[in-house]
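Here is what Swiss-Prot says about this protein:
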- HIS361: active site, proton acceptor (ACT_SITE)
- LYS23, GLN73, 78-79, 100-102, GLY139, GLU153, ASN168, ASN226, ARG331, LYS349, TYR364, ASN375: UDP-N-acetyl-alpha-D-glucosamine binding site (BINDING)
- ASP102, ASN226: Mg(2+) binding site (BINDING)
- ALA378, ASN384, TYR385, SER403, ALA421, ARG438: acetyl-CoA binding site (BINDING)
- 1-228: region 'Pyrophosphorylase' (REGION)
- 229-249: region 'Linker' (REGION)
- 250-453: region 'N-acetyltransferase' (REGION)
Amino acid sequence: MPHWAAVIMAAGKGTRMKSKLPKVMHTLAGKPMLQHVLDCVRSVEIPRSMVVLGHGREQIEATLDDRTEVVVQEEQCGTGHAIMQAIPHCHEVDHIIVLSGDQPLIRPETLRNLVRIHIEHNAAATLLTACFENPHGLGRILKEGDQFLRVVEEKDATPEERLIQEINTGTYCFNVAKLREALKNITPKNAQGEYYLTDVFAVFHAQGEVIRTYCTEDVHEALGINSRAQLAAAEDVARQRILSYWMEEGVTIIDPRSTFIEAGVVLQPDVVLQPFTILKGRTQVAEDAVIGPHTTLTDCTVGAGSEVSHTVGNQAVIGGHCTIGPYAYLRPGTVLQDKVKVGDFVEIKNSQIGEGSKIPHLSYVGDSQVGKSVNIGAGTITCNYDGVNKYKTIIRDKAFLGSNTNLVAPVEIGEGSVTGAGSTISKNVPANTLAIERSTQKHIENWVRNKKK
């Protein structure tokens, strides 16, 4: 939409959150509230996004990308004052859409409808409204027929006006030229000395300007988040939206009540999510994979047909048709090629595991390069850290490591080689070689352990 801009108000302190973090930086479904609003605006192709910042400006600004323009509100003197700071930046902008950074449940289709009505009626202003069964504490929309009259705040409403269920959400479209003039006519008539943006509607009405409304069917879009309890309630709404979306896209979710998927996750059809699965960050799961139960993956990639059970993964790549778990721990830098098996109580860190290799149980593999068709026996440990530096272990294709092998890095095991159970290997092993390193077994005859009396 050319000649449009979005202005997102995010200057408030959020005192009720009782946090050192600015309110709009608290996360919902894995993303800051403000980012949800920015993403929504960009999905409807509004070319410019301005964020009005005040409290916590440095913290918020550090998270914004180059596409986002920052407008500074040095003193928080109300919503009208915030827009006054943004208007001088609206060069070659005919219309703006004003949103709140603490309303992350706004949807793209709602913004499209709001903009459409604004344009169709050549309105000076268009308000997004919602109908609440219990609108206590919210500003009411007064109309005569379908004609907007004004917004009445709860404290100023008559008993009859308080029965009105249609409320003001705080999201608006404005004609910039008309808004610029209207802002000159509002004054701070309250004890706080604040300029209220809603006062411009009275100015427009007095001038005979067109003011329209659009009532969203989803009341959750109107929810502003001002407390931890409200954040938790919004999290539940966002989670249900995400789960419903992926089920519509062909993902099987066995128990939605115990499944958590963040907004940045991507799933393909025929993925199955077992109970108590948590998918976070930029995790991607390919078709026919089965995740869970009791699995948490953060910024991981899972290939087609893989099974991941009772596992924690962070920044790991899992190839196709792998079997992971139960009780595996995949740390950052782990790359598993196709058909790899990682069994119970195995930890892998910063290592590449070749196709068809197996690490069945009770092992630690760190800073290692493992070839194809390698078998790593139970209890094998790569000793990669000397207290100062980390060192690399290389295990070539088709090597077989006996149980309880210790590999003291830097060390290389040649292709097709075997290590004897219980060996501590500190020197390179050539290809097709058996390496055994053991202490001599001793028998002490006629020895009887002293017993406690």
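Every residue gets a Cβ built from N, Cα and C, even glycine.
Structural mapping of features recorded in Swiss-Prot.
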{"residue": "LYS23", "record": "UDP-N-acetyl-alpha-D-glucosamine binding site", "contacts (Cβ under 8 Å, 6+ apart)": "GLY12, LYS13, GLY14, MET17, MET33, GLY101, ASP102, ILE225, ASN226"}
{"residue": "GLY78", "record": "UDP-N-acetyl-alpha-D-glucosamine binding site", "contacts (Cβ under 8 Å, 6+ apart)": "PRO188, GLN192, GLU194, TYR195, TYR196, LEU197"}
{"residue": "SER100", "record": "UDP-N-acetyl-alpha-D-glucosamine binding site", "contacts (Cβ under 8 Å, 6+ apart)": "ILE8, MET9, ALA10, VAL37, GLY170, THR171, GLY224"}
{"residue": "GLU153", "record": "UDP-N-acetyl-alpha-D-glucosamine binding site", "contacts (Cβ under 8 Å, 6+ apart)": "GLY139, ARG140"}
{"residue": "LYS349", "record": "UDP-N-acetyl-alpha-D-glucosamine binding site", "contacts (Cβ under 8 Å, 6+ apart)": "ARG331, PRO332, GLY333, THR334, TYR364, VAL365, GLY366, ASP367"}
{"residue": "HIS361", "record": "active site, proton acceptor", "contacts (Cβ under 8 Å, 6+ apart)": "GLY343, ASP344, PHE345, VAL346, ALA378"}
{"residue": "ASN384", "record": "acetyl-CoA binding site", "contacts (Cβ under 8 Å, 6+ apart)": "GLY366, ASP367, SER368, LYS390, TYR391, LYS392, THR393, ALA409"}
{"residue": "TYR385", "record": "acetyl-CoA binding site", "contacts (Cβ under 8 Å, 6+ apart)": "GLY366, TYR391"}
{"residue": "SER403", "record": "acetyl-CoA binding site", "contacts (Cβ under 8 Å, 6+ apart)": "GLY377, ALA378, GLY379, THR380, ALA421, GLY422"}
Review point. Going along the chain, which residues six or more apart from ARG438 (acetyl-CoA binding site) have their CB under 8 A from its CB?
Key: GLY420, GLY422, SER423
Revision key, fill the gap. With neighbours defined as other CB atoms within 10 A, the best-packed of the binding-site residues ASN226, ASN375 is ASN375
Revision key, fill the gap. Residues in the region 'Linker' (229-249) per DSSP class, helix first, strand next, coil last, are 20 helix, 0 strand, 1 coil
Review point. Averaged over the region 'N-acetyltransferase' (250-453), what pLDDT does the prediction give?
Key: 97
Check your understanding: Ranked by the number of other Cβ atoms within 10 Å of their own Cβ, which of the binding-site residues ALA378, ALA421 ranks first?
Key -> ALA378
Check your understanding: Which residues of the same chain, at least 6 past either end of the region 'Linker' (229-249), have a Cβ under 8 Å from a Cβ in it?
Key -> 17, 26, 28-29, 104-105, 220, 223, 256, 259-263, 265, 267, 269
Check your understanding: Within 10 Å of the Cβ of ASP102 (UDP-N-acetyl-alpha-D-glucosamine binding site), how many other Cβ atoms are there?
Key -> 25
Check your understanding: Taking the residues ALA378, ASN384, TYR385, SER403, ALA421, ARG438 listed for acetyl-CoA, what is the greatest CA to CA distance in Å, to the nearest whole number?
Key -> 22
